[in-house]
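Asker: Grabbed the feature section from TrEMBL, which reads as follows:
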type	residues	note
TRANSMEM	20-43	transmembrane segment
DOMAIN	37-283	domain 'G-protein coupled receptors family 1 profile'
TRANSMEM	55-78	transmembrane segment
TRANSMEM	98-116	transmembrane segment
TRANSMEM	136-154	transmembrane segment
TRANSMEM	200-221	transmembrane segment
TRANSMEM	233-255	transmembrane segment
TRANSMEM	267-285	transmembrane segment
């Protein structure tokens, strides 16, 4: 009597018809801001030789990851908001799950590297250029992508090997490990623990490393109150805002095996849509060098 599920039905954010158009408008504008804002950052950093420091190199890579990360879920959500039947093929669901965790984990590791970059610039300024050379930056960014791939392939293998014979309804607007594995026709006790120890533990450890680096930065700034240190601290403050929006919801979702809440899909919106929106806003509006470079780029064209 075994029959393999060939597609899943996504329930989306809400089943209220009156909310579809407002939701579509909000998320379309948010997705457009992610694309335009992050593309503007990438073009600005690549065209201005003055923005060649490791901080802007990492910021450029973060913008690229944000574009990829949001594009994995947002276009599908926008289409489903205007569709009557929100079905996704089994293979497409597994592909979305893989690329979501690939980009998401890579962004976690990159945010951690960016915190280390700020720690080195503030706490060890005389050794900064030697520690954060261009070669080291490339190695760190490559390590972020490699770590994201390893994390994602483990999550995907844990999910795809499970038997799915019904039901096939996912109470979310995209395919993710927690809601998908709960549809499996088998005991998922071990799988849920492995999921929590993988995604949840990575989120927690990266967040703890970030918090520790910022504590060292705060201690250093208290001892040496110069204009340069206050400028660096302002940059770190914007970094903390992005980190909080991204890591706290992730830990809420992935550190809770064996439990689910109806609000989970609304929490997912924070780190899949609104956190990437905040990145270009914070890093452009709070950074004078980037704003000056953007103005020069605007006058050039």
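Glycine too: its Cβ is placed from the backbone N, Cα and C atoms.
I would like each feature placed in context: is it buried or exposed, what are its neighbours, and how far apart are things?
Answerer: If one looks beyond the transmembrane segment (136-154) by at least 6 residues along the same chain, the residues whose Cβ comes under 8 Å of a Cβ in the stretch are 54, 57-58, 61, 98-110, 113, 198-199, 202.
Proximity of distant same-chain residues to the transmembrane segment (200-221), defined by a Cβ-Cβ separation under 8 Å and at least 6 residues beyond the stretch ends, is recorded for 105, 108-109, 111-112, 115-116, 118-119, 122-123, 151, 229-230, 232-233, 236, 240, 243, 247-248, 250-251, 254-257.
For the transmembrane segment (267-285), same-chain residues at least 6 beyond its ends with a Cβ under 8 Å from one of its own Cβ atoms are 13, 27, 30-31, 33-34, 37-38, 40-41, 59, 62-63, 66-67, 69-70, 73-74, 100, 104, 172-174, 176, 238, 241-242, 245-246, 249-250, 252-253, 291, 294.
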Asker: Take the transmembrane segment (55-78) and find every residue of the same chain, 6 or more past its ends, with a Cβ under 8 Å from one of its Cβ atoms.
Answerer: 12-13, 24, 27-28, 30-31, 34-35, 37-39, 41-42, 45-46, 88, 96, 99-100, 103-104, 106-107, 110-111, 113-114, 117-118, 121, 134, 137, 141, 144, 173-174, 235, 272-273, 276, 279-280, 283, 290
Asker: Note the mean pLDDT of the domain 'G-protein coupled receptors family 1 profile' (37-283), expressed as a whole number.
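Answerer: Summarising the domain 'G-protein coupled receptors family 1 profile' (37-283) by its mean pLDDT gives 87.
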